[in-house]
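Chemist: Here's the feature list from TrEMBL:
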{"type": "ACT_SITE", "residues": "SER78", "note": "active site, nucleophile"}
{"type": "ACT_SITE", "residues": "ASP104", "note": "active site, charge relay system"}
{"type": "ACT_SITE", "residues": "HIS189", "note": "active site, charge relay system"}
{"type": "BINDING", "residues": "ARG118, ASP123", "note": "Ca(2+) binding site"}
{"type": "DOMAIN", "residues": "262-397", "note": "domain 'PLAT'"}
Amino acid sequence: MDAFYMFPAEIKKNQPSSATKFRLYTDTTEEGCLILFDQLETLDKCSFNTSLPLVMIVHGWSESVQFSRSNVHLIGYSLGAHVSGFAGSYISGTNKIGRITGLDPAGPLFEGMSPTDRLSPDDANFVDAIHTFTQQHMGLSVGIKQPVAHFDFYPNGGTFQPGCHIMHVYNHIAQYGITGITQTVKCAHERSVHLFIDSLLHDDKQSMAYWCNDIHTFDKGMCLSCRKNRCNILGYNIRKERLQINRRLFLKTRAHAPFKVYHYQFKIHFINEIQEKQVEPTFTVSLTGTKEDAENLPITLVEGITGNKTYSFLITLDIDIGELMMIKFKWEGTAVWENIWDTVQTIIPWTKGSRRPGLIVKTIRVKAGETQQKMTFCSQSVNNVHLHPAQEKTFVRCPNSSRRLKRKFKVTRT
């Protein structure tokens, strides 16, 4: 047994505190044991052990006898997140509640309010929050968007969640009947709960999140750093650390459990041989790892390719491929190129034997977020680094990179 879990069994409005009842659960009991307010004998009846941590679950729309407050973990969902914050702020003195976790804290009436009127970092020794439904409608969102904790997690940007789009309403209706419409509406809001549960059920698949200014920067793969505590684990096993300033962390997840994905930053330097024209091709990559392979992964261009410039992309994988060994990079389709080619041929009278313009790609730099490993890949064909539509190029670990790996291996062994 590693902890007690306590749920409010009955809270009646406009009745004295004696009407509030709690049920105590352990990892060995399916039915909770009823604990009554101001009836200490019920603690003994339920075999309450003061040496174990206590987790209190507070659902949306308490101080104990001889128990260390720092050992208490309040978990509040929606409105319950702010209720947990009020409970923490109510306890005066230096001995605060140990931890409060806010699961998509409610937005209406709380967004933009002062820290005393909502969940805030001052309510416990450590506060973390998971924001999953901050998409606004008529100026309001179900979940609060602003940071309210020491670490605020925004899975998939926090606005909405994969698998919860209105297009999935038919799937939900097939599964739940007419109530499937309600399931679609609350899907993203409840995802915070499922993400937290997932962190308990899958110890070997903990989701890593990264400090970033916004989701747009994160989508470019530019925030996958763990230096100076810039990353942390989402959920129960978070690294608990009080910071002087709040940190907003971003990550991608799957649409179902286990939710963990693996984050990679791809930095590719393109040289567009038609300097005057912007190219917006569609790329896919296939990855070969020491454990698994991943094929035909799309790369989304945030902006078109012009001139001589390095571009950064975020790629996520559902599986652990191990150490990345080889990359196959393909320019999909021909429609975009043919339009550009027709335009260029009209403007410039190409002479016989002219080389058909395209993109030059010499190297691909990759950073793995979960392992923090940095790798450089060079074109397998050193004499041909040009890439044209419908063409695929193979990139392998650069010789210098391989030598560095060998030297590192020797140093480690000695």
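Keep in mind that glycine also has a Cβ here, set from the backbone N, Cα and C atoms.
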Chemist: Are there any residues in the same chain, six or more apart in sequence, whose C-beta is under 8 angstroms from the C-beta of ASP123 (Ca(2+) binding site), and if so which?
Modeler: SER84, GLY85, PHE86, ALA87, GLY88, SER89, LYS96, ILE97, ILE100
Chemist: Taking the Cα atoms as reference points, how far is ARG118 (Ca(2+) binding site) from SER78 (active site, nucleophile) in Å?
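Modeler: Spelling it out, the Cα of ARG118 (Ca(2+) binding site) and the Cα of SER78 (active site, nucleophile) are 12 Å apart.
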Chemist: Report, in whole Å, the straight Cα-to-Cα distance of HIS189 (active site, charge relay system) from ASP104 (active site, charge relay system).
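Modeler: Pair distance, Cα basis, whole Å: 6 Å.
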Chemist: Between HIS189 (active site, charge relay system) and the residue listed as 'active site, nucleophile', find the distance joining the two CA atoms and give it rounded to the nearest Å.
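Modeler: HIS189 (active site, charge relay system) and the residue listed as 'active site, nucleophile' have their Cα atoms 8 Å apart.
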Chemist: Check the domain 'PLAT' (262-397) for me and report the mean pLDDT.
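Modeler: A mean pLDDT of 82 is what the model gives the domain 'PLAT' (262-397).
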Chemist: Given the recorded positions SER78, ASP104, ARG118, HIS189, and counting only Cβ atoms in the protein chains shown, which has the most within 10 Å of its Cβ?
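Modeler: Highest number of other Cβ atoms within 10 Å: ASP104.
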